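Structure first, commentary second.
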Amino acid sequence: MIKIARLFLALVLVFLYLPIVVMAAMGFNASPLYALPFDFTTHWYQELAGNGRLIEAGWNSIWLAVLTSVIATALGTLAALALWRRTFRGRSILRILLLPPIAIPWLITGTAMLVFFFWTGIGRGLHAMLIGHVALAIPYVVLVVGTGLQTLRADLEEAAMSLGSTPIHAFFRVTLPLLLPSIVGAALFAFAVSLDQFVISYFLSVPGMTTLPVEIYSAIRKGFTPEINAISTILLVASMIVILGFARFARPGGIGERS
Amino acid sequence: MPPEAGVAGLPAARRRMPPWVATAALLLPSYAWLTLAVLLPLAAMFAFSFLHATPLGNKPVVWTLEQYRAFYDQPYLLGVAWASLSIGLWTTGICAVVGFAAALALVRATAGRARETLLILVLLPFWTNGLVRVFSWTMVIREGGFLDTFVRWFWPSAPSLGFLYTTPAIVLGLVHGYLPYMVLTCYIALLSIDEAVIEAAQSLGARWWTVLFKILVPLAAPGLVTGAILIFVPVIGAFMEPRILGGRVGVTMGTVIEDQFTQAFNWPLGSALAFTMLAVVLAVFATFSGVLRRSAAT
């Protein structure tokens, strides 16, 4: 029974990783029509280096993810401090209000942003994407930092203050350092949310102001080339590294904690 | 923002200002942002769904309910809705069976560091770009793709098994995308089951299927339901997967709504369809939140 279970797990992992591995391998195959036998080349990566459009979209994605991460982490951490360290009326409603960006299909959120930003004159482009990405990332930051705060004892801060520390001093010398792993984890998570975001970027992009996923999508719709495999592989590896970093800093949702 | 911001209910802070000021200052930036970027847009879209036409140029604004009659006026939409629904149900169902089994295997057949590593391996693809993962399936299931090559190693004259641009291809891509959700929610639910319950059943002579269907599945039901909601809701709104994996057959509510905004520029109709879908989503949440609360209470 145990052996069957382990075999099944192995099959699930093959199912999850096989297409990704095939896709990545094809980026190193010489044939532009993905024909086998496999013939190793870095030609498509060199081609990529000369593709100004994709490079520009790549930089847009990175800058957008950095800004999203910084803004969402700053705002979300403050909100988490209020939602988990203070009691006030309406707290549970405010916590529920974090759900719409996570729970409503992105198609609906994205088109709603398109309509509203058009109507108010905010328009489309990278600034509109930044507004959207930060809104998507804030709830995740609040939840990750909030989970961190829950495991952090409030009395440490009170102890520091009863020993004569000022509230600001206590926050910066006691709470913040202890909370730092959660905050770094939340920042990495926000970075990944933005880097991988496609739907909202798609609706808010204008030609010449796109992100990598949007460019990849329009390239796929025009026809497959191994160059798309190359850029997709880079994006995939980048987000895997960021997410493993997140798992290292903030152990999400008690995964593996109880084992 | 006052620097006292981070401090909870302290005498020093209280002397200088009432505590609600600091609370509000902590919350205001996030919630103002969410209001501007999510809540107001949704409200605006709701208003748009009652318009006769997209208010471009000097067209007069005419309020109407006609957009919500779309399913009646354009019967082909019923077929599209049914296609989306069945894609959603198939995806959710397959994820439930495979995800539950995988979570069970994780909990019962692995332990310690190996289990932790395996869980991370299962969850890792979920946080990578969905678009890239959908694209990667086209490499496998296209005619002459990896699947065909693999089969022809053993049977050189095999007919092509490629099924890109079919409905099963869409379901496959969606299952691949959302399976990790189900594994995670079932894993958490299964972990909390008391080992003694299973041992008691076994010592009383229960066979494995009795244990599975009378103990494990009912006790892990909240995990199954949560996973099902987390999968069904985004899947019925999917448009990128049907477009890439479904080609011409990939017409779903998601792609119809997308078309209204990017091709047809019929924003009121797109808004009305989006809100109809949102109503379905909320109905799903409302139905199952009751089930979840009941199972949490017992």
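Glycine is no exception: its Cβ is also placed from the backbone N, Cα and C atoms.
No curator has checked TrEMBL annotations; they are predicted automatically.
The transmembrane segment annotation in TrEMBL covers B:20-51, B:81-106, B:118-141, B:161-190, B:211-240, B:272-292. Annotated domain 'ABC transmembrane type-1' per TrEMBL: B:81-288, in sequence order.
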Selected stretch (most C-beta pairs under 8 A with the transmembrane segment (B:161-190)) from B:20-51, B:81-106, B:118-141, B:211-240, B:272-292: B:81-106
Two-stretch contact, the transmembrane segment (B:81-106) and the transmembrane segment (B:272-292), at least three Cβ pairs under 8 Å: no
Non-local residues, at least 6 beyond the ends, that sit with Cβ under 8 Å of the transmembrane segment (B:272-292): 45-46, 49, 67-68, 70-71, 77, 221-222, 225-226, 228-229, 232-233, 236-237, 253, 256-257, 260
